[in-house]
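This report refers to the structure that appears directly beneath it.
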Amino acid sequence: MPFKISRQAYAETYGPTKGDRIRLADTDLILEVEQDHTHYGDEVKFGGGKVIRDGMGQSQQSRDNGVVDTVITNALILDWWGIVKADIGIKDGKISGIGKAGNPDTQEGVNIIVGASTEAIAGEGSIITAGAIDSHIHFICPQQIETALASGVTTMLGGGTGPATGTNATTCTPGAFHISRMLQSAEGFPVNLGFFGKGNATNKAALEEQVRAGACGLKLHEDWGTTPACIDSCLSVADQLDVQVCIHTDTLNEAGFVEDTIKAIKGRTIHTFHTEGAGGGHAPDIIKICGESNVIPSSTNPTRPFTLNTLEEHLDMLMVCHHLDPKIPEDVAFAESRIRRETIAAEDILHDLGAFSIIASDSQAMGRVGEVISRTFQTAHKMKVQRGALPEDNQRNDNHRLKRYISKVTINPAIAHGISAHVGSVEVGKLADLVLWKPGFFGIKPDLVVKGGCIAWAQMGDANASIPTPQPVHGRPMFSSFGKAISPTCLTFLSENAIDAGVPERLKLERTCAPVKDTRKISKQSMKLNDARPKIEVDPQTYEVFANGELLTCEPAESLPLAQRYLLL
């Protein structure tokens with residue numbers, strides 16, 4: 001006779017199972033478990049009197065015979081491909097199995113072998129996501145990296161050299177000298193890193209040398225002059241050397257309008273930053289570019305989501321970041337031209353429709369590096385409140401919406417920048433960059449951040465206490481964030497051309513250097529659950545935005561979840 005147990009008791013012991021629903025933090029978003037790959041009555045769990053003991057759930061096999069290094073038991077995975085309950089096996093820093101863990105000598109259906117060489121992380125009651133990817137980083141100060149890691153970001157792509165005036169405004173690491181120094185600096189940080197060279201040049205040789213020096217992409221920024229000639233030159237080099245191009249277009253429309261930029265791009269793949277326009281870009285209608293099939297549009301988090309405070313805070317941020325003078329009327333007019341209620345409101349809806357594919361931070365250059373994930377799910381919450389369930393969802397859950405929004409900060413930036421073979425999702429063979437969340441803190445405070453198979457960050461209590469949990473509990477770096485443990489658990493992304501040219505050896509880099517690949521063969525259709533291409537029109541007088549003829553508008557939020565309730569200091 002099988003033993004029967006109530007759903008509540010089961011969830012409290014092994015975590016939720018198929019059909020169970022979970023509210024995410026203080027949002028109105030409801031997740032429902034779609035599948036459970038663990039076997040009822042044969043679940044593995046660690047602890048006194050529990051299953052993972054020698055001869056029971058722990059096998060006699062050696063590591064050489066397939067035993068994993070780490071098992072995360074009874075994890076609830078939220079990823080673009082599904083919402084499933086499973087055990088996760090990690091070996092050599094990569095995800096080696098998703099399914100049923102245990103001892104094949106005593107249990108059936110085991111595809112993750114637990115042995116004496118296996119560490120256990122209790123995933124019961126936790127939600128697991130892939131480490132987030134922030135693809136719009138101004139590397140202004142190194143302290144950003146700890147803040148990002150503490151929020152669940154494990155990969156940072158962008159440009160900069162520190163608090164230089166150019167870096168404060170643009171995500172560019174210009175030239176071989178600066179690229180080399182940043183690659184060497186990356187050795188000391190416990191996240192994956194990649195650096196963009198400056199793409200503003202009509203002389204292709206000036207761009208090629210940056211890619212060959214180790215840039216993983218090129219960035220076109222209006223503060224350096226994003227002219228049609230520069231756009232064409234930069235994309236030509238990118239096509240030749242297989243790196244992505246990111247663009248911040250011409251707010252002032254000095255060298256042309258959005259139609260001229262589209263013409264200069266010539267149908268080639270490009271990642272458009274802050275495509276709504278408040279972060280910069282052709283005023284007032286850069287947003288229409290999100291309907292192009294070759295354009296991968298992203299947002300930065302200062303406009304995520306639209307709130308009562310969004311417009312007011314932007315003006316001062318703009319003046320500081322772009323080295324503008326409030327005493328000069330033209331500078332003030334430039335800043336004001338970028339801040340439009342109508343396009344910011346439309347941006348919320350375009351994200352919900354899956355027309356905007358990525359959300360990133362714009363760190364310290366109008367964006368907040370530690371709020372990429374929280375702003376993403378604040379937007380999802382606001383859209384559910386204002387627009388109701390998506391057509392793909394029902395009254396029981398918001399699964400499709402959740403998968404759409406998690407994709408914006410994980411798999412889609414990975415695909416866009418040619419690194420999805422390594423990171424961006426919870427899939428076998430990828431780097432074990434995983435974030436564990438307690439449901440009550442989902443999106444705002446990770447419980448554990450696993451980096452390359454080792455714990456890099458965790459909520460931890462008083463180090464002098466007799467157990468790990470006494471107050472004050474707060475996020476702290478863990479062992480793999482220190483010393484030589486960083487090198488085998490983190491990747492540095494370079495162009496394949498730079499790796500073939502021996503840049504890692506010449507710079508004596510110890511971290512694994514991985515090439516970006518296939519950035520030029522992708523399109524909007526490559527974006528998971530975010531590939532909609534509506535025809536966008538903007539009224540030049542009122543700034544109203546229309547998608548396929550329908551007006552896109554919504555009210556600003558007066559309050560938000562994932563905010564001050566969790567952040568008292």
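Glycine is treated like the rest: Cβ placed from N, Cα and C.
Record check, Swiss-Prot: Ni(2+) 2 site residues include Lys219, His274, and the candidate from His248, His314 also listed there is His248. Site annotation (Swiss-Prot, ligand Ni(2+) 1) includes His136, His138, Lys219; from Asp20, Asp348, Asp352, Asp362, the additional listed residue is Asp362. DSSP assigns His322 (active site, proton donor) to coil, not to a helix or a strand. His136 (Ni(2+) 1 binding site) sits 12 Å from His221 (substrate binding site), taking the Cα positions as reference. Nearest to His248 (Ni(2+) 2 binding site) in space, judged by Cα atoms and limited to the recorded positions Lys219, His221, His322, is His221. Other C-beta atoms found within 10 angstroms of the C-beta of His136 (Ni(2+) 1 binding site) number 32, with every protein chain shown included. The residues near the Ni(2+) 1 site, meaning same-chain residues not in His136, His138, Lys219, Asp362 whose C-beta sits within 8 angstroms of the mean position of the site's C-beta atoms, are Ile137, Gly158, Gly159, Thr170, Thr171, Cys246, His248, Phe273, Thr300, Ala360, Ser361, Ser363, Ala365, Gly367, in sequence order. Secondary structure at His221 (substrate binding site), as computed by DSSP, is strand. Relative to His274 (Ni(2+) 2 binding site), the recorded positions with Cα atoms inside 10 Å are Asp362, the candidates having been His138, Lys219, His221, His322, Asp362.
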